[in-house]
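Listed features, source Swiss-Prot:
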- 6-191: domain 'Guanylate kinase-like' (DOMAIN)
- Gly13, Pro14, Ser15, Gly16, Val17, Gly18, Lys19, Gly20: ATP binding site (BINDING)
Amino acid sequence: MKVKMSKLIILSGPSGVGKGTIESLLLKNKNLLIKLAISATTREKRRDEINGVNYFFLTVQEFKEKIENDEFIEWSCHFNNYYGTLKSQIKFIQSQNFIPLLEIDTTGAKNIIENYKNKGELSQLLTIFILPPSIESLKNRIQKRLTETNIQINQRLEKAKAEIKIKNLFKFQVVNDNLEECVAQIEKIISKEIQKT
């Protein structure tokens, strides 16, 4: 497969839509030549997460210093926690001849899309928005995680409704109704789009 290493793949969508599961399945497909750009965050580490594998867990002070030093390709703050993608992660992945996959929230994705558009480099982005089959199914997925209170779940659902409204900023939209079909559709999109570069 012909690959342009300056390309970025952005996978985004509401919290609870299955981005993490989809991402892990995509990464198993070695033919795609993608590697996950690990995000940095200030949120509390979940019991099954590992620093440097799932996220780079930073203090608020460390995160703010990196913002000041322009070390992020994108960053945002949600539910009192900072999230961002370090430029060094992107460069590291590209130096290994892989395409960085960013699994990020819609605010971060929107910031990157606007930044690339302003620089006339939108063609370097492959943007994919993952949709839930319905808001009710999204609510069920979030509840099954057992990590949020009812208030937090309702906040996430309200945020999801707003995020879905910007889905057309993304080149592709895929509904995660059936996980295997969703992943297969995204694999086809990535293979086809990367060959165009």
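Heads up, residue numbers simply count up from 1 along the chain you see.
The backbone N, Cα and C atoms fix where each Cβ goes, and this holds for glycine too.
Here the structure is a predicted model, which means the values were calculated and not measured.
Same-chain residues with CB within 8 A of the center of the Gly13, Pro14, Ser15, Gly16, Val17, Gly18, Lys19, Gly20 CB atoms, the ATP site residues themselves not counted, are Ile130, Pro132, Leu138, Arg141, Asn176. This prediction places the mean pLDDT of the domain 'Guanylate kinase-like' (6-191) at 92. Ranking the binding-site residues Val17, Gly20 by how many other Cβ atoms lie within 10 angstroms of each Cβ puts Gly20 at the bottom.
When the binding-site residues Gly13, Gly18 are compared by the number of other C-beta atoms lying within 10 angstroms of their own C-beta, Gly18 comes out lowest. Same-chain residues at least 6 positions away in sequence with a Cβ under 8 Å from that of Pro14 (ATP binding site) are, in sequence order, Thr106, Pro132, Leu138, Arg156, Lys159, Ala160, Glu163, Ile164.
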